[in-house]
């Protein structure tokens, strides 16, 4: 029957030579609001949103040999190998007609990160990190989806702990390469997205905004100097 990694390899092999995709890793603690912002980015900037967790669940639901193996591993309390998740992400990238991807909640740890770059040959354009205080994330999680199994204090705090221990080393790695775009995610959704938009806006749009700003500044200075000169002439 083969191993789960062998089954995953049937779906995707090697790096992605036929594409040169733009990949953005989206990281943030539970309740940081990254899911909401991913939806906004998809709508405004045309990215495809990929969630490692969603892909694993879809593979299980498909009833494939690979999906059955993944389900059995989860039932047995085993960790799904990085390569399996990466192959699912790789296949999703290959099969999608887009060339811009948000990978949400991945890599979860340093092993994920190293394996992703090795298997796919892709390095992210940057990492979008939604930084939010634990108290705020806890408040958000407890106030939403009342009755959801994993939204209780004990489980939430365990999720925070896992995120800090596993994902922060990934953020630190990319930060050392100047690839982290840190967002203050404690603010209202609309304010957070204004910051996100500034990161994703096309370069020419940013240049145009700069030109517009500088022209306004120049006109203001010109108007101010003209008024001063006119005032000086009236006194003479």
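Note that Cβ sites are derived from N, Cα and C of the backbone, with glycine treated the same way.
Note that TrEMBL annotation is computational and uncurated.
Residues or ranges marked as ATP binding site in TrEMBL: 31, 32, 33, 34, 35, 36, 144, 187. The ribonucleoside 5'-phosphate binding site feature in TrEMBL is assigned to 57, 78, 79, 80, 105, 106, 107, 108, 148, 159. Feature annotation from TrEMBL assigns CMP binding site to 112.
Structural mapping of features recorded in TrEMBL.
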{"residue": "31", "record": "ATP binding site", "Cβ neighbours (10 Å)": "24"}
{"residue": "33", "record": "ATP binding site", "Cβ neighbours (10 Å)": "22"}
{"residue": "34", "record": "ATP binding site", "Cβ neighbours (10 Å)": "24"}
{"residue": "36", "record": "ATP binding site", "Cβ neighbours (10 Å)": "14"}
{"residue": "79", "record": "ribonucleoside 5'-phosphate binding site", "Cβ neighbours (10 Å)": "8"}
{"residue": "105", "record": "ribonucleoside 5'-phosphate binding site", "Cβ neighbours (10 Å)": "20"}
{"residue": "107", "record": "ribonucleoside 5'-phosphate binding site", "Cβ neighbours (10 Å)": "27"}
{"residue": "112", "record": "CMP binding site", "Cβ neighbours (10 Å)": "20"}
{"residue": "144", "record": "ATP binding site", "Cβ neighbours (10 Å)": "10"}
{"residue": "187", "record": "ATP binding site", "Cβ neighbours (10 Å)": "15"}
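The closest partner of residue 144 (ATP binding site) among the binding-site residues, by CA position, is 105; the full candidate set was 57, 79, 105, 107, 112. Of the candidate binding-site residues, 79, 105, 112, the one lying closest to residue 34 (ATP binding site) when CA atoms are compared is 105.
For residue 32 (ATP binding site), the nearest neighbour among the binding-site residues 57, 79, 105, judged by Cα separation, is 105. A simple way to gauge crowding: the CB of residue 35 (ATP binding site) has 15 other CB atoms within 10 angstroms, across all the protein chains here. Rounded to a whole number, the C-alpha distance linking residue 31 (ATP binding site) with residue 105 (ribonucleoside 5'-phosphate binding site) is 12 angstrom. Comparing local CB density within 10 A for the binding-site residues 32, 57, the maximum falls on 32. Here ATP is bound by 31, 32, 33, 34, 35, 36, 144, 187 per the record. The longest Cα to Cα distance in that group is 17 Å. Taking only the Cα positions, the spacing between residue 57 (ribonucleoside 5'-phosphate binding site) and residue 35 (ATP binding site) is 17 angstrom.
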